[in-house]
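Engineer: What Swiss-Prot records for Cys567, Cys570, Cys595 is Zn(2+) 1 binding site, and it gives similarity to another entry as the kind of evidence. The annotation Ca(2+) 2 binding site is assigned in Swiss-Prot to Asp692, Asp744, Asp746, Asp763 on the grounds of sequence analysis. Per Swiss-Prot, Ca(2+) 1 binding site is recorded for Asp692, Asp698, Asp744, Asp746, and the stated evidence type is sequence analysis. According to Swiss-Prot, the feature compositional bias 'Basic and acidic residues' maps to 186-203, 360-374, 421-433. Under the heading compositional bias 'Polar residues', Swiss-Prot lists 204-225, 253-264. Summarising the annotation, Swiss-Prot assigns compositional bias 'Low complexity' to 265-277. Residues or ranges marked as compositional bias 'Acidic residues' in Swiss-Prot: 319-353. Swiss-Prot lists 659-783 with the feature domain 'C2 2'. Annotated domain 'MHD2' per Swiss-Prot: 1345-1512, in sequence order. What Swiss-Prot records for 1526-1653 is domain 'C2 3', and it gives sequence analysis as the kind of evidence. Annotation source Swiss-Prot lists phosphoserine at Ser240, Ser242, Ser245, Ser256.
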Amino acid sequence: MSLLCVGVKKAKFDGAQEKFNTYVTLKVQNVKSTTIAVRGSQPSWEQDFMFEINRLDLGLTVEVWNKGLIWDTMVGTVWIPLRTIRQSNEEGPGEWLTLDSQVIMADSEICGTKDPTFHRILLDTRFELPLDIPEEEARYWAKKLEQLNAMRDQDEYSFQDEQDKPLPVPSNQCCNWNYFGWGEQHNDDPDSAVDDRDSDYRSETSNSIPPPYYTTSQPNASVHQYSVRPPPLGSRESYSDSMHSYEEFSEPQALSPTGSSRYASSGELSQGSSQLSEDFDPDEHSLQGSDMEDERDRDSYHSCHSSVSYHKDSPRWDQDEEELEEDLEDFLEEEELPEDEEELEEEEEEVPDDLGSYAQREDVAVAEPKDFKRISLPPAAPGKEDKAPVAPTEAPDMAKVAPKPATPDKVPAAEQIPEAEPPKDEESFRPREDEEGQEGQDSMSRAKANWLRAFNKVRMQLQEARGEGEMSKSLWFKGGPGGGLIIIDSMPDIRKRKPIPLVSDLAMSLVQSRKAGITSALASSTLNNEELKNHVYKKTLQALIYPISCTTPHNFEVWTATTPTYCYECEGLLWGIARQGMRCTECGVKCHEKCQDLLNADCLQRAAEKSSKHGAEDRTQNIIMVLKDRMKIRERNKPEIFELIQEIFAVTKTAHTQQMKAVKQSVLDGTSKWSAKISITVVCAQGLQAKDKTGSSDPYVTVQVGKTKKRTKTIYGNLNPVWEENFHFECHNSSDRIKVRVWDEDDDIKSRVKQRFKRESDDFLGQTIIEVRTLSGEMDVWYNLDKRTDKSAVSGAIRLHISVEIKGEEKVAPYHVQYTCLHENLFHFVTDVQNNGVVKIPDAKGDDAWKVYYDETAQEIVDEFAMRYGVESIYQAMTHFACLSSKYMCPGVPAVMSTLLANINAYYAHTTASTNVSASDRFAASNFGKERFVKLLDQLHNSLRIDLSMYRNNFPASSPERLQDLKSTVDLLTSITFFRMKVQELQSPPRASQVVKDCVKACLNSTYEYIFNNCHELYSREYQTDPAKKGEVLPEEQGPSIKNLDFWSKLITLIVSIIEEDKNSYTPCLNQFPQELNVGKISAEVMWNLFAQDMKYAMEEHDKHRLCKSADYMNLHFKVKWLYNEYVTELPAFKDRVPEYPAWFEPFVIQWLDENEEVSRDFLHGALERDKKDGFQQTSEHALFSCSVVDVFSQLNQSFEIIKKLECPDPQIVGHYMRRFAKTISNVLLQYADIISKDFASYCSKEKEKVPCILMNNTQQLRVQLEKMFEAMGGKELDAEASDILKELQVKLNNVLDELSRVFATSFQPHIEECVKQMGDILSQVKGTGNVPASACSSVAQDADNVLQPIMDLLDSNLTLFAKICEKTVLKRVLKELWKLVMNTMEKTIVLPPLTDQTMIGNLLRKHGKGLEKGRVKLPSHSDGTQMIFNAAKELGQLSKLKDHMVREEAKSLTPKQCAVVELALDTIKQYFHAGGVGLKKTFLEKSPDLQSLRYALSLYTQATDLLIKTFVQTQSAQGLGVEDPVGEVSVHVELFTHPGTGEHKVTVKVVAANDLKWQTSGIFRPFIEVNIIGPQLSDKKRKFATKSKNNSWAPKYNESFQFTLSADAGPECYELQVCVKDYCFAREDRTVGLAVLQLRELAQRGSAACWLPLGRRIHMDDTGLTVLRILSQRSNDEVAKEFVKLKSDTRSAEEGGAAPAP
């Protein structure tokens, strides 16, 4: 794609002057552009157009039209093939072309013209050089071009020879030589849209960085560069003009005063019009800018550069210099110059030695080759020139001169950039290639010498001519108070090469000065930029002396046009016969009635402008007088405003007075001297209306500035079109507007017909109107499309990139930058100068309070400045936000910043319904600068985070104002987060709540660290009032120590104070995130976690050494527990967690429990000793136990309370504690029981019933208290092991109590035995036998009472006492023991008395016979009892003596009546022990084994012998079993036969043999076997058989059979066979060898059995068998009984020594 540049300069028509009112249209591809209409036969348009060309096979169609009333007529046309157009980067003088009247068509396309006319037009057409070529290639071509040019510069320049040659300097947007009077003025048409003398254009400005090796020339700049190389071959849209067709300059054509309107778009030069010369190496010096700037280079997509390079070896340089000098001379004649050369030299001396003042600014390109010095070209407008440096009077040796920027006192410049440093040596400015540098030195020194000669010559002439002129208007004025700019709008070239860092670019020093906010450099980057401040000072005066708010509106009247007149606003014809439209009586502007509201510019200034143009001097003077009056009134009424401005910018009174005059003059000159170049890039649109039937539109855009209208190409079928087209305009009226309209192109028949009769044949899609006076610098903005009338159907928005260069202000910062300078300096003045650094917050209310930044006067200054120069309120807000960010820690500022940012957020985020533009896009188009504001917010965010991370220091809880600031700071963070999310549209920016939470945690971390490291000092200061104590601790012992625990107690106190402060002061303050942020809780959590970590390690260390008392550890444990329970336990992070702190203290608690056990034991001994001394007295009337129990459990309970109060939340550790404590309880109580048990018997023997009862009560009370302790320790929930220990202890204590009760009861045994003996004596006196008849019951009762009398007396006297002094449980136990004792004694003494007093049977029975229920079978071990009976019997000598004994004891046997008396007595005793429910329970008494045994014994007395024998057989099933040491065995064969008819049983016994008999005898051993049948109802049957004896045989064989007949009434189970092996002795009783028993129940099923029966030494019996045996032994008259007793009491006889057994 190529850029076609077409300059429509002028034309010459064949015809009368009044006949022509012509404009030119240019058509190429599908784009059409139109010039303004100019009257006259020699019109001069001087307008430049640019087209993007992508097809070089087409041509450019130029049509000249003459405006008509109804339609326009073509004057002529010319077609230029694109291939024939030259390539150049510089504008040429143009070429005269003849207009033809016809076009030649081929394939529906124009391919030429024919039929020439007499009309001619001057056009300059060229293509820009190729775009975006690599830098190396650009350098190569530049060098080639330079070499070519140098070939023509071989001869020495002769100043005299070339006097008449014109200066072939091309006109361009940077420098229109005609403005300086250096060209002929050929503008004949007074109504021409361009003006010849009032334009002060110098250079174009743009915001992006020009490419390297690119040089602009600025005649108005205070620093000029003359490049040593030709310009590069282009940047994307750098419209660098190059000179071409040099021969065409032979006849000098006057250049148009307006120069070329082909100027840069806003994207490129506003920050970079002054560039480095080519010798400056961009790679070696920071002036070239950072990568970010390079990025901005690339982003300047729609930007363009314009410049003229004055090359040292330009082909016509030498020839044309003379003409330059002449023109310069003409021009300088109008100026007042310094009187003499001394002043000039004085001015020269002010040139600094180094590049400091400029090289540190990226906005000023200062580098020049070594062989240069700067030279300033004089400006155009008389009396309105900037301070400009003077050129040196002579050319020194060029090789030795270092580059020196000319720097007068106050050259206004943009701010300084600290990053750049001045070059250290000359090398950095040398050409890259030696040959280039050498060439540059030679040619440039010649050129420069020529320039200096010419210039100095003219200057000297002027000085001589003028003499000592008015120094106040001197072109080369001195520095000083009065030396300000006379024209505010002219400024030297101080444009930046990167966006000026208004607020945020210098924030790297953030951390260093965080306390005062973001560094002051951050928010006051313009404070030290004196040049910029100087300029802004003047612009501020200008805005305030005649503010926009005071402008005069138009005075419209209905007006009748007598000739065809067009509306000034819409250019439509004022239709009608009369009263066609409105006309302002003041300024004469005419418009439709519907358009009058669109014309809102200041009427007075428009009138002045028009009058001056039309020469109506008298009218102009009237208006000027009105303006003067108004300004005087303004100055008189508002002096404080101008005084404040003077103070802000620190201007002296004298200078201020002079400047006020100059400002008033500039206002009077006003718009008559105002002009600007505007570059508009139509980027794209969104959301347009669909106008076609297809549901779409074919949109294009027309852009109109003043009378000049241009259009884009059409985008077919798209409601979101992208054009990316650039247009350039010149504007000479600050009250003009830019009218951007979007249309839907219709290309049908209807449209074409409509086009002939109507100016607007296409459908209207929307418009936006932009005030020109509000433009400065460049903007990239979305505009909502507006309606024209209520009928318009409009939607969507359009994006424009607008760049403006105002004449005289090409080199100054844009208005937004100027506003920033004003705002920042005002902020600095009000805050730092007037208020000692404290931000003064204005008292404003209402919805727009956030837009009030200062008090009334200061606010009016910024508002009027913003209104005058079109600074939007959102920019003001962002600028003030930036200023405040440097003071964000000042009181009240965070709240203001939060509100400001919230409104900024609302502005960008809350898009309107009529536009689809996203917040991100709106913000990206912000004039403040997206990157700048984002960077500012990022830095602010970081600073806020850092300060919040020390909120305790920065926002002390003692200051309510600072707490409010803290709250506002968090609000500000929230606003920043909202901005990032809604405006920047970041996906997931850090949540404000999380950021604050992190900050709070960070602060708490550092707080903990601080209190930990300074614990002793802080504690002493805050909590120790006694000054004597403060110095006790040595510094080295103030920290944690293993020798004591004081540190931790103090630390806990400090931690609590921190948490409480957070909870009570900071939590209510930081309440913006109730669900996510609770400072008190976070404080507790963080503090606890840090404390826990340190505490754990400390306790582990203490565990190793154990240098402190266990009580100290316990106390610390309690403090830690309290801290945890009070602040931590309810925190979400800890709710379901078992805390760790019990584990730290577990070893110390166990140690304490160990020590506590020893203490408890010592306490126990002491308590018992005291109790013993006091005689074990009851503790109170109602308490039946002594004080020792109370004391012991008081101690234990105290210990347990301590454990309990630990409230240990760890079940496992609680289990450990409980186990250990349970052991302590067990050991202490068992020791108590042991001590009591040892001495208990002694107390019982002293016949003091009370003390034993108290001791038993004590034991019972131990059990009661133990049960309570068990429940207190957890009961069923108690640790299993601890529970088992306590349960086992309870059982042991129970056993102890049982034993004590038994011992106590046993002490009464002698008395009871005596009483029972008396009972037996009384019972023996009861006469009567047989059963007792019913009539004798009363006598039996009487007998029973008599019998009971002795025992009752004893019991009654004691039990009454026991009931009083014994615990209920103890009483019952004593009663039980007494009950047992009485029952057993009665049984032994009365029912079953011993056989004799000498025998051991009584003892045997006592020991073995009681406590068993009827029928219970004893184990074989009870055979010991039987043995004792037999042994007793043996002691009597012969068995016959036993029988005699039985006869003697007959009286002891009870009669049935006596049994009845005993039965009744038992019932009485039972009732007595029951005691109506107070004593033992009836069920216990009934089921008492002792009672049952007694009753059973009594029942046996009344049973028949057969029944007793049957009972014996049925119960004694183990008589022959379990023989451990058999004395032999017998083989028998037994058969059982039952007669089927009678049921009679017969038993056949065959004795087969004996075997292995163990017997020793001195005589002959003659064994025989005796077989007895035992059972009921055998008194009349044979019960015994015996075999024959065998001599000396220890294994005799018998094979003898016997038969027994049994009763039919009893079954076989009631019988048994007893086999006895005996040694037959003659004349003496046979001796028993062994016994065996075979019970027939075993044969009942089988019928027969053959078995070996082991022989035992005796028969085994249980207590039932013994009882039966004792009862039957008393029946001496019963043969069966005596035989039974004899059989069962038989035992192996004593052996005699002697013979060995037979083999």
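The first residue you see is number 1, and the count goes up from there.
Cβ coordinates are placed from backbone N, Cα and C, and glycine is handled just like the others.
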Engineer: Using an 8 Å cut-off from the Cβ centroid of Asp692, Asp698, Asp744, Asp746, can you name the remaining same-chain residues around the Ca(2+) 1 site, in sequence order?
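Structural biologist: Neighbours within 8 Å of the Cβ centroid, excluding Asp692, Asp698, Asp744, Asp746: Lys691, Ser696, Ser697, Pro699, Glu745, Asp747, Asp762, Asp763.
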Engineer: Please tell me which one of the binding-site residues listed here (Asp692, Asp698, Asp744, Asp746, Asp763) sits closest to Cys570 (Zn(2+) 1 binding site), measuring Cα to Cα?
Structural biologist: Asp763
Engineer: Determine, using Cα-Cα distances only, which of these binding-site residues is closest to Cys567 (Zn(2+) 1 binding site): Asp692, Asp698, Asp763.
Structural biologist: Asp763
Engineer: Around the Cβ of Cys570 (Zn(2+) 1 binding site), how many other Cβ atoms lie within 10 Å? Please give the count over every shown protein chain.
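Structural biologist: Taking all protein chains shown, Cys570 (Zn(2+) 1 binding site) has 17 Cβ neighbours within 10 Å.
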Engineer: Among the binding-site residues listed here, Cys567, Cys595, which has the most company in the form of other Cβ atoms within 10 Å of its Cβ?
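Structural biologist: When each Cβ's neighbours within 10 Å are tallied, Cys567 tops the list.
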Engineer: Express the distance between the Cα positions of Asp698 (Ca(2+) 1 binding site) and Asp746 (Ca(2+) 2 binding site) as a whole number of Å.
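Structural biologist: Rounded to the nearest whole number, the Cα-Cα distance is 8 Å.
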Engineer: To the nearest whole angstrom, what is the C-alpha distance linking Asp692 (Ca(2+) 2 binding site) and Cys595 (Zn(2+) 1 binding site)?
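Structural biologist: Counting only the Cα atoms, the answer is 28 Å.
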Engineer: So, by DSSP, how many helix, strand and coil residues make up the domain 'C2 3' (1526-1653)?
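Structural biologist: Residue counts in helix, strand and coil order: 6 helix, 65 strand, 57 coil.
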Engineer: Restricting attention to the domain 'MHD2' (1345-1512), give the mean pLDDT.
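Structural biologist: The average pLDDT of the model in the domain 'MHD2' (1345-1512) works out to 68.
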Engineer: Using DSSP, how many residues of the domain 'C2 2' (659-783) fall into helix, strand and coil, respectively?
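Structural biologist: Each residue of the domain 'C2 2' (659-783) counted once, the result is 27 helix, 56 strand, 42 coil.
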Engineer: Of all the binding-site residues given, namely Asp744, Asp746, Asp763, which is spatially nearest to Cys595 (Zn(2+) 1 binding site) at the Cα level?
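Structural biologist: Closest by Cα: Asp763.
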Engineer: Tally every other Cβ atom lying within 10 Å of the Cβ atom of Asp744 (Ca(2+) 2 binding site).
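Structural biologist: By my count, 19.
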Engineer: Please classify the secondary structure at Cys595 (Zn(2+) 1 binding site) using three-state DSSP.
Structural biologist: helix
Engineer: Might you list, by sequence position, any residue in that chain lying six or more from Asp746 (Ca(2+) 2 binding site) with a Cβ less than 8 Å away from its Cβ?
Structural biologist: Asp698, Ser761, Asp762, Asp763
Engineer: Pick the one among the binding-site residues Asp692, Asp763 whose Cβ has the fewest other Cβ atoms within 10 Å in this structure.
Structural biologist: Asp692
Engineer: CB neighbours of Asp698 (Ca(2+) 1 binding site) within 10 A?
Structural biologist: 20
